[in-house]
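Annotated in Swiss-Prot:
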BINDING   Gly13, Leu14, Glu15, Gly16, Ala17, Gly18, Lys19, Ser20  ATP binding site
Amino acid sequence: MTQASAKFIVVEGLEGAGKSSAIALIRDFIEKHTGLAPVCTREPGGTPLAERIRDLVKIADPSDPLCDESECLLIYAARAQLVANVIKPALAEGKWVLGDRHNLSSLAYQGGGRGLMPLVEAVSNATLKGFKPDLTLYLDLDPKLGLLRAAKRGELDRIEQQAIDFFERARATYLKLASEDERIVVIDASQTMAEVHKDILAVLQAMAW
């Protein structure tokens, strides 16, 4: 495998869309086809500093509520660390990278959900400078169903506790952005897990390996 062949693949989706099982499937597929396990990341998070930022974003503090703009900027601070210190170095070494969320999450959640698209686009351009995944698989699911699934996992975090209209706006933004970028593939996550995995594998098998 050459450096040029290394790819950055991201799995996106609303809460409860099945990202974890999809990531496990893709990780195994990449390892089978390249002989090496991919570098797996999550956002926010993925470096010591970014993980501390993740806690600030995910855990509610009633004594000092996080405002929408701070949430956006913190997430981009974490992302900048991850891209600079993990993702780009791994790709430069010829390693595949598999991400649990990336910039599309901010465009959907903070841009669409929070109504901060001008800020999101400005900070994205300033921090990422056009850096994008080679492929993003967006697991599309009705937010009501997704939140029901998420609730079964246990206590919801600060983001998961947002009102349903927040997630509806985020979903609409995901779908709009997917319609404008051929590198974003929409997967129907309302199907059975076997059907979802079949669709994901079809996308992966169509890639050049």
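Quick reminder: no glycine exception, Cβ is built from N, Cα and C everywhere.
Source: prediction; values computed, not measured.
Taking the features listed in Swiss-Prot, we show where each one sits on the structure.
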residue: Gly13; record: ATP binding site; Cβ neighbours (10 Å): 24
residue: Leu14; record: ATP binding site; Cβ neighbours (10 Å): 28
residue: Glu15; record: ATP binding site; Cβ neighbours (10 Å): 22
residue: Gly16; record: ATP binding site; Cβ neighbours (10 Å): 23
residue: Ala17; record: ATP binding site; Cβ neighbours (10 Å): 26
residue: Gly18; record: ATP binding site; Cβ neighbours (10 Å): 22
residue: Lys19; record: ATP binding site; Cβ neighbours (10 Å): 20
residue: Ser20; record: ATP binding site; Cβ neighbours (10 Å): 11
For ATP, what surrounds Gly13, Leu14, Glu15, Gly16, Ala17, Gly18, Lys19, Ser20 with a Cβ no more than 8 Å from their Cβ centroid?
Leu139, Leu141, Gly146, Arg149, Ala150, Ala189
Please report the three-state DSSP label of Ser20 (ATP binding site).
helix
